[in-house]
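Novice: One structure, as C-alpha cells, below. Some questions next.
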Amino acid sequence: MGQIINGKEVALKIKEEIKTFVEERKNNKLRIPKIASILVGNDGGSIYYMSSQEKVANSLGVDFLKIILEENVTDDDVINEIHKLNDDVNVQGIMLQLPLPKHLNEKKIIKEISVKKDIDCLTFESQGKLYMGEKGFLPCTPNSVVTLIKSLNVDITGKEVVVLGRSNIVGKPVAQLLLNENATVTICHSKTKNLKEVCSKADILVVAIGKPKFIDEEYIKENAIVIDVGTSSFEGKITGDVNFDKVIDKASFLTPVPGGVGALTTTLLIKNSCEALKEYED
C-alpha cells in the first residue's frame, strides 16, 4: 500500500517562518501583509480554495480581504476592483480565483493585475519571468506540486514525468518547473491518444484535469508518485481527479484531496505576500 503525502505537514515549517515574520513586524509596529482575494460567481472549487486561504491567513496573522462578485458582472466591473487593489498601498497581494464565468474575458482581466502584487503568477509578465528563468513569484499550485515531490527526497533528475492537463494555471507552469528540475516531461490533454499507455509509463504523474475520480489504477505505473491537483465538488464533497481508493495500493506515494496539494498551495500564496511586502519596502 502506498504512502500518503501530507501537504499539511510539509506546510508546517513554512507556516512557522511566516508567523515569525508577521509577529516581528507587529512587535515593531510595521505593516503586516494583506491579501485581497476576488471571487466571481459560485464555482465550488474556488469557494473552497478562498475559504482555505482565509482560514490559513487568519491563523498566521496575515490580513485577508474577500471580494465576492455576482456571476453576471462585466469585465469592467472586475477590472475596476483590480485597479482599486493595485492602488491600495495596504494590499501586497491580489489573488483572482479562476476559472472565471465563461462570459468574462479572462486574459483581459488578468492583464490588469499589477505584476508587483501578482502573487500567483497569473499575468503575462509574471509568466514570462517564469519561463525565462528570471526572478519573480512562482505560481503557488505548481510550486506546491514540486515542493511536495521534493519533500520525499526523490531525485527528480531524469525521471519520466507526465502532466495530465495543459492549463495556464497548473499544467504548463508545473511542466516548466519540473523541466527546471531536469525531469523528462510529457504533457497530456484531451486530444492525447493512448492516454492510459502514456500515463502508465510515468515515474511521477501529476493530474490536473478537473474530472472527479477520473484516474484509476489502470493509468498508474507500479510504485509511481501520484500528485492529484484536482478539486471538484462531487456528491457534496471536495474530490480530486484521482480515484484514491483504487490508486493507493499501486502508487508508492499519493496526495489526498483535501489535505494534499491545496493544503500547501495556500501557505505558499501567503508566503508570496510576505515576499511582496519585502519587495515593496526595498
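Any Cβ shown, glycine's included, is placed from N, Cα and C.
According to Swiss-Prot, the protein carries these features:
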BINDING   Gly165, Arg166, Ser167, Ser190, Thr231  NADP(+) binding site
Novice: Here the binding-site residues are Ser167, Ser190, Thr231; which one has the lowest number of other Cβ atoms no more than 10 Å from its Cβ?
Specialist: Ser190
Novice: Between the two most separated Cα atoms in Gly165, Arg166, Ser167, Ser190, Thr231, the residues recorded as binding NADP(+), what distance in Å do you get?
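Specialist: Binding-site diameter by Cα atoms for NADP(+): 18 Å.
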Novice: So what sits near Gly165 (NADP(+) binding site) in its own chain, CB-to-CB under 8 Å and at least six residues off in sequence?
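Specialist: Gly171, Ile187, Cys188, His189, Val206, Val207, Ala208, Ile209, Gly210, Val229 - these are the non-local Cβ neighbours of Gly165 (NADP(+) binding site), listed in sequence order.
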Novice: Including all protein chains displayed, how many Cβ atoms other than that of Arg166 (NADP(+) binding site) lie within 10 Å of its Cβ?
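Specialist: A 10 Å sphere around the Cβ of Arg166 (NADP(+) binding site) contains 17 other Cβ atoms.
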